[in-house]
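Listed in TrEMBL:
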TRANSMEM  6-24  transmembrane segment
TRANSMEM  36-57  transmembrane segment
TRANSMEM  69-93  transmembrane segment
BINDING   Gly77, Ser80  Na(+) binding site
TRANSMEM  105-126  transmembrane segment
Amino acid sequence: MAGAYAILAVSIGSVIGALMRYGLSLSMNALAPHIPMGTLASNLIAAYIVGAAIAYFGSAPNLSPAWRLFVITGLAGGLSTFSTFSAELLTLLRDGRLGWSAGMLALHVGGSLAMTVLGMATVSLIRQP
């Protein structure tokens, strides 16, 4: 039965994350046609969620492992999108937009690392007495 709960947790989280990504793409990609802001927002938000979840779950050992699967593997995994980022980056490179390509690469990778650290720091600050 534990396997069924794990599959259910990942499945539900993935659906929610993917729908969030779809909504962000619909609402944000039209704002700046040369910069797919929905993909960037999806990746940065997912990185923040992962950081916060790692910090929280690390201090909540009695919490069911299904929650970690739901949040990190499902929700954040469905929300983030390395494949779309890669395709968009290659499109920029193919179009000769080297500056935009470098900027997007730096924003996605650097921003994701920064948001993961920020998520962990947020949970640490909230938990301080």
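Just so you know, glycine gets a Cβ as well, placed from its N, Cα and C.
The stretch in 6-24, 36-57, 69-93 that contributes the largest number of Cβ pairs under 8 Å to the transmembrane segment (105-126) is 36-57.
Secondary structure from DSSP puts Gly77 (Na(+) binding site) in a helix.
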